[in-house]
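Notes for the one structure printed next.
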Amino acid sequence: MSTVVDTHHEHDDHHDHKPTGIKRWLFTTNHKDIGSLYLLFSFLMFFAGGTMALVIRAELFQPGMQIVDPHFFNQMTTMHGLIMVFGAVMPAFTGLANWMIPMMIGAPDMALPRMNNWSFWILPFAFIIMLSSMLMPGGGPAFGWTFYAPLSTTYSTDSTALFVFAIHIMGISSIMGAINVIVTIMNMRAPGMTYMRMPLFVWTWFITAFLLIAVMPVLAGVVTMVLTDKYFATSFFDAAGGGDPVLFQHLFWFFGHPEVYIMILPSFGIVSAIIPAFARKPLFGYASMVYATAAIAGLSFLVWAHHMFTTGMPVFASLFFMYMTMLIAVPTGVKIFNWVSTMWRGSMTFEPPMLFALAFVILFTIGGFSGIMLAITPVDFQYHDTYFVVAHFHYVLVSGAVFSIMAAAYYWLPKWSGFMPDEGLAKLHFWCSVISVNILFFPMHFVGLAGMPRRIPDYALQFADINAIVSVGAFLFGFSQLIFLAVVVKCMAKKGQAAVAKPWEGAEGLEWDVPSPAPYHTFDTPPKIEAPIR
Amino acid sequence: MSSENTQHEKYYVPDSSIWPLIGAIALGLIAFGAAHYIIEWSNEEAGFGHWVLLAGIVVLMVMLIGWFRDQINESHQGLYSEQMGRSYRQGMSWFIFSEVMFFLAFFGALFYTRMIAVPWLGGASNNAMTGEVLWPAFEAIWPLTTTPDGRETQAMGWGLPFINTLILVTSSVTLHFAHHGLEHGKRGALKLWLALTIVLGLIFLSMQMYEYVHAYRDLGLTMQSGIYGNTFFLLTGFHGMHVTLGALMLIVMFFRVLKGHFNKENQFAFEASVWYWHFVDVVWILLFVFVYII
């Protein structure tokens, strides 16, 4: 037993001492503080990346060159992608993991609390470095967030070095964050919280953390090769020295494909928590959800080259990657089926978290279907690098991952802040978002199928009308998010209706056993879990 | 099974710590400084990059010393539990797994270029015209001693690396003996075998340095000499960096052993260093087979 001064274990809430002032946030080891920091950072980055998206859409409102020059346009597409992937979506999920996983499994904190704070504080530095690269002579990275060689080697500006090192340290941050999550789940579960009793959000993050630890080092390797190719005259991606630019794509997508599942698996966990709560029925097919998640993660290592069908791979390789990709539709279909079956004959109500979760199920499925279209090799030859691809991955990332994050925020804000999100504003936010996101991304399918290439600042005249509509949708969607900001600020300012410990009637899980707002320290002594909680 | 995984005693959560923030500042300075240093170096201009990089390294060292000092003190105060030991061990295992994946990227590059890129440049598969049109004189061989654009180098032999392999494998064995000594309370044997391991590690590193001089001076094998040199230098270079880190860890462990730290129950830092050393050993064996011999 330890010699900790605190001897009154039974009164967990009594020593609810929080440090005050700025030091609380700088030196914290508390999973809730660090979770809040992650979430706020991600929110900031969401608006930064969103502003860049609006620059892109403003330029594309009409054909011809309007507002920005092409080189700056390319910087905007690049930084928008990098910021949204590494700065908005991934930190948001890590923030949710920090806040919720210890409370969901009955742990006092994350397993490695100090390393947790280190993981977070690396991120602001990484993004300062990344953004500062735009001030370099010749501008910032302009090669797309996928930084294909030779665009990022032979044809890039000096800012590439800043980009590479920023990626390096944010990779370190992600790996440490993932190690923390995986160790917390393996080692900190309360007695009786067996693996197959864990909430699905914990399960999906468990698998996500494994993917992160497996692929972020590969990203570190590939940016290192970009660095040496550009500055130290190596030839990894240069055929003149025996290398191959296609090698870059293999390495990048070996990271990149699991990466897209890193950005969606935690969403599955969130939706699997919210739909049963508002359908007032246990989740249909818990075990199959777990196995489906694991199957998706396993397959994600075997499909990377479906991003590369047009590089001239041997036919056998194309076929292999096509079939493997299509196979992913099976476990994903299991999940969609389970969510729908959970709702079947449930007593459904439509509070804001449920609205976003429902929109997730429908719109993510649309993104999944366009994914199957893209998986068909010969058809992909037509779709490759067009707006169809842009439409596809924004359906799964914006109306998928981002909607699930918003659903999670509305679902757990009462627990975080102690106040209910303003329902009127939240519903307004939902309807504005769900309508505008479809005005924004659905027409992109059509211009894409008609052959409009992505990542160019100008386009042929026949695409003008649809692009104007898309840009209008983009601005509507962007400004709708200010409503979300208002709801969050209202909760943080402790305005509105106070929340009870369990504000959602049908919600299940240990996090609803503690008061709202959650005390600074929860489950110092682990609770005993007797029966499955879902 | 899972009820054995968890236990009822209180898990120590440190109140707050300055070191994570210092560590983040250190990594920020290192990244910013290294990037600017490389940019300035490649443009042959004076700048501030190397100073920022240096400052970052100093701050990182301060952070490591401070953080580990806190941890050691907490451990000696008996704040840790068996469950916490499991957290550390699992954390270290996953860290080593991430390192494995880092090396996999470079081994992947090696296998891809050897098995696919270089043969295709030479006209294999359905690429007959690639070779004919681009570099008709190019011959696909490995080690690639003449690049498609005609840069020449000599291949590295495996005589010295073979001796190095024996040294590193031996060091793994001696480290195992040291660990055995710790487990059975034989402090003398522990110190002796640990010191021997460190010496072997340092011999390995100096032979690697000699090999690099040999490659640059005698063989013309450099970073610029095409994909063979690239895979050779990045794989052995990153391995060498990891051996250096492992040796530093073992040196720290040696001084901690001298101060009387560690026993059968409380030895996580030692164990982690041992695991790390075995890991760099295994990577070397793969390197020796795939980079030098085959």
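Cβ coordinates come from backbone N, Cα and C, glycine included.
Features of the protein shown, as given by TrEMBL:
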type: DOMAIN; residues: A:25-530; note: domain 'Cytochrome oxidase subunit I profile'
type: TRANSMEM; residues: A:37-58; note: transmembrane segment
type: TRANSMEM; residues: A:78-99; note: transmembrane segment
type: TRANSMEM; residues: A:120-140; note: transmembrane segment
type: TRANSMEM; residues: A:160-188; note: transmembrane segment
type: TRANSMEM; residues: A:200-227; note: transmembrane segment
type: TRANSMEM; residues: A:260-278; note: transmembrane segment
type: TRANSMEM; residues: A:290-309; note: transmembrane segment
type: TRANSMEM; residues: A:315-334; note: transmembrane segment
type: TRANSMEM; residues: A:355-376; note: transmembrane segment
type: TRANSMEM; residues: A:388-413; note: transmembrane segment
type: TRANSMEM; residues: A:425-446; note: transmembrane segment
type: TRANSMEM; residues: A:466-489; note: transmembrane segment
Non-local residues, at least 6 beyond the ends, that sit with Cβ under 8 Å of the transmembrane segment (A:425-446): 352, 355-356, 359, 363, 370, 387-388, 390-391, 394-395, 398-399, 403, 406, 410, 466, 469-470, 472-474, 476-477, 480-481, 483-484, 486-487, 490
Annotated stretches the transmembrane segment (A:466-489) and the transmembrane segment (A:37-58) touching (3 or more Cβ pairs under 8 Å): yes
Per Cβ pairs under 8 Å, the stretch of A:37-58, A:120-140, A:160-188, A:200-227, A:290-309 packing most closely against the transmembrane segment (A:260-278): A:200-227
Overall pLDDT for the domain 'Cytochrome oxidase subunit I profile' (A:25-530), taken as the rounded mean: 96
